[in-house]
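Asks: Marked as domain 'Acyltransferase 3' by TrEMBL: 38-348. Here TrEMBL flags 41-57, 63-83, 104-123, 167-185, 192-208, 214-236, 248-265, 271-295, 307-324, 330-348, 368-389 as transmembrane segment. According to TrEMBL, the domain 'SGNH' annotation covers 452-684.
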Amino acid sequence: MATRPPERGCDASDRPITCARRGAFKNGVSLPPNFRSDVEGLRAVAVLLVVLGHAGVPFAAGGYVGVDVFFVISGFLITSLLLREAAGGRISIRRFYARRALRLLPAAALVLVSTLIAARFWLPSIRMGELARDALSATGYVANLRFASTGTDYLNADAPPSPFQHFWSLAVEEQFYLVWPLLLLLPKRKHLLIGLVAASFVAGVLETERSVSWAYFGPHTRAWELGVGALLALFAGRLQSVPGLRNGWLGGAGLVTILTAALCFDDSTRYPGFAALLPVAGAAAVLAGGLRPLGARPLQFVGRLSYGWYLWHWPVLLIGPGALGVDPSLPLALVLSVAALGLAWVTYHLVENPLRHNRRLRVRPAQALGLGAGLSGAVAATAVAIALLPHPVPAGAAIRDLRTATLHAADPYEVIAHAVRAGRTARSLPANLTPQLSEVNADKAQVWADGCHVESPAKVAPTGCLYGDLNSRTTVALFGDSHAAQWFPALERVAIKRHWRLVSLSKSSCSAADLRLWHGGQKREYTECALFRKSALARFRTLKPSLVVIGSSFNYRPVDTSTPEQPQWEAAWRRTFAAFTGMGTRVALITDTPYLAERAPNCVARQARLQRINRCGKSAETALRGPAQRAAIAQITDPKVTVIDPVPWLCTSFCPPVIGNVLAYRDSNHLTTTYVETVAPLLDAALPKP
C-alpha cells in the first residue's frame, strides 16, 4: 500500500517515487509534496518490460522501451525536486549529488562486486580483463561510452554481452545530471532548455542513421528523453489548466502507447530514432494525466524494488546458466528473473534503506559523498584485482606444431586433413596452443592496422595498401569484405614467394558481389558498400591487376526480398566477375568459411575445464551459410574464374575450433592469422597463375 513519506517532506531519493510542486491536482502532472502511487506503478511496468525482454519472452521483444520510460520518470522526478528546492530559496548542488550517491551507489557497488566475483568463477577466464574494464566504466558512470565504442568494432560484433552492459542507462542519467541542475540555475532558462531537448532528439534521429551503437548508448542522443520529463515538471503549472487531464484518459492512453511499443518493436526496429517517441510520449502522458490502476499493490511492490531488480536481473540471467551447469532456456530465464527480484528485495531492506535513511549521512553531504567515493574505490580495487589475478586455462600435453609440419611436408594438404579429422575427438587444449587464448584479439591481419580494411562508414577505397614485391610487374589484388581480409596473411606470403606486388582493398560487411545489400546493424540499405565497391573498382582499373583474389562472407541479405535470392546472387556475381575479366584480369573466388555457434576462444576456455573442447565445433552442414550464394556460384562457368573452396581445410563433416595445436577461429567466423598462415601452402597451390 502506498504511504506518505516522513514529515521532513518529499525527497526524491527516498524510493522510486515522484514528488512535485505544491498546489497541483492529485491525478495530474504534479501533487502536493507526497507520494504518487501511479508513478511507482509506472516504474514497475518499465522494469517488467526490461526484465521480460531480456529473459527472451516472445511478446516482450521490445521490452527495451522500459529504459525510455525510466528516463522520462527520472527527468520529471529530479527536476521536480530541484524546482521545489529553488522555490524554497536555493538549489544546493552538493546536497543534490550527495542524495544521488546515497540513492544509487550502495546497491550498484554491491551488484558490481558480486558480479565480478561470480564472473571469475563461472565465465570464461579469458574475459576477465575485458569484464574488469566494463566494471570500471560502470563504477565511473561512463559505461555507455565504452559500450558505444566497442559496439562499433566490427570484429567484436559476435562478442557475448557483458554482465555490466545494463549500467549504460545509469551512466546516461548521471551524465545528464552533471549538467541539468546547473542549467536550472540560469535565468530565462525555458527556451534554452526546450532548444537543447529538441537538439538532442534531432541528434538521436541523425545518429540512428549513421551509427546505431552511438545512437543507442550516446548521452547526446538520449538526453532528450530525460529532458521531456524535466520539461513536464517545468511546465506543470500551465498543464494544470488543461481541461480533461484529471479523468485518467490521458494516462490510460499513455500506458497503451508504451505497451504497444513493447509489443510491436523488436531487434529489427531502428532505435532510438523516431521510434523512441512512442514510449517517451506514453510515459509523459501517464505522468501528465495520472492513472489510478497503476496504484495496485503488486505494482507498488515491484516499483519499490525496481532499481535493485534492474541491477540484479541482467548479471543473474547471463551468469546463472553457467553457474548451474545448464543451457539457457526461457523457463530458466524466468526462474532466474524471479531470483533476481529476491536479491533486489534483500538489497532494498539491508543495503539501500539503511544507508539512504541514515540521518547523519543525510544531513552531512560531505560524508555521503565520501561514502560514495569509498564504494566506487572498492569496486575499482576489486576490478583491478580480478584483472591481475592469473586465469589459467586447463591444458593437456604439447603436440606436434602444425605450422612447422605443414611447411616441411611433401603433401601439406594431407597434414592439414589429418589434423582436421583429429579435431573432431580432441577434448583438451594442447599445451602449445597457438595463438594463446589471451593473445587472440591481437591475432588479426595487418590490413586492419594499416587502414587498408575499412569499416562500415567508409565510402571510398583507401590509397596505398601495397605489399609484397613493390617493384614487380605482376600485380595481384585482394578484394572483398572481412572474410577476404582474413586471407591477407596467406596471400602476402604467396606474393613474397612469387615476387608479386599485392594490393589489398576490403571493407567490413561489404560483399564484392554487385548487389544492393541490407545492413542488419544499421537496419537500412548499406549504401556505403556500393560506393566503396565502385571506388575500389575504379582503382583496380588503374592498377590493372593480373589476378584478383575475392573473398566474401555468404551471410548477407539483399535489399530486394521479393525476388528469390539465388538468381539475384548469380546475376550479381556475374557482374562482378565481368568487371574484372573485362579489364583482362583473372579471378579467384575463395568461397565462405564455416561459422561456429559462438566465439571460439570463449567457448574453448569454458569447455577446457570439462575436457570437451570439441563441443565448440559444429557440423559442416549447419556451419555453412548462404546456400543461395553457393548454388548461384555453382551455376557460373567461366574459364577466367577459379573457385577455391576452403571448407576441406577446416572441416570433414565436422568443423573443429582447434586444428592440431592451432586455434582456427578468432571469433565465431573469422580465422586467426596463425591458421591462415598455416594453410598458406594450400592457397598457393589452389591459385591460378596470373
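Every residue gets a Cβ built from N, Cα and C, even glycine.
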Asks: Taking the transmembrane segment (104-123) as the reference, which of 214-236, 248-265, 307-324 gives the largest number of Cβ pairs under 8 angstroms?
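Replies: When the Cβ pairs under 8 Å are tallied, 307-324 comes out ahead.
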Asks: For the transmembrane segment (63-83), what are the same-chain contacts with Cβ under 8 Å, counting residues 6+ beyond its ends?
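Replies: Those are 10-12, 16-21, 30, 39, 42-43, 45-54, 57, 91, 96, 169, 172-173, 176-177, 180-181, 184, 222, 225-234, 236, 258, 261-262, 265, 271-272, 276, 278-280, 282-284, 287, 310, in sequence order.
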Asks: Taking only the residues in the domain 'SGNH' (452-684), give me the average pLDDT of this model.
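Replies: Averaging the confidence scores along the domain 'SGNH' (452-684) gives 95.
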Asks: Looking at the transmembrane segment (214-236) and the transmembrane segment (41-57), are there 3+ C-beta pairs under 8 A, with each pair at least 6 apart in sequence?
Replies: no
Asks: May I ask for the residues of the chain that lie six or more residues beyond the transmembrane segment (192-208) and have a Cβ under 8 Å from a Cβ within it?
Replies: 183, 186, 214-215, 218, 220-224, 227-228, 230-231, 234, 270-274, 276
